Amino acid sequence: RPRFCELPAETGLCKARIRSFHYNRAAQQCLEFIYGGCGGNANRFKTIDECHRTCVG
């Protein structure tokens with residue numbers, strides 16, 4: 001799994017409300033969060049399937 005999968009979810013600095021998914025290391029699964037639209041980190045996916053393919057395996 002890529003190292004960025006270990007990063008915490010970051011909503012970013014903007015105020016949009018974009019449904020996104022991130023890999024939660026403690027829970028060992030992909031979870032939904034709301035992304036603000038700018039900033040953040042690479043542990044952010046448009047779909048839960050994309051998150052699973054990248055971070056779960």
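Cβ coordinates are placed from backbone N, Cα and C, and glycine is handled just like the others.
In Swiss-Prot, Cys14 is paired through a disulphide bond with Cys38, chosen from Cys38, Cys51, Cys55. The disulfide entry in Swiss-Prot for Cys30 points, among Cys5, Cys51, to Cys51.
Looking at Cys55 (disulfide bond) and Cys14 (disulfide bond), their Cα atoms lie 25 Å from each other. On its own chain, Cys38 (disulfide bond) has Gly12, Leu13, Cys14, Ala16 as residues at least 6 apart in sequence with a Cβ closer than 8 Å to its own Cβ.
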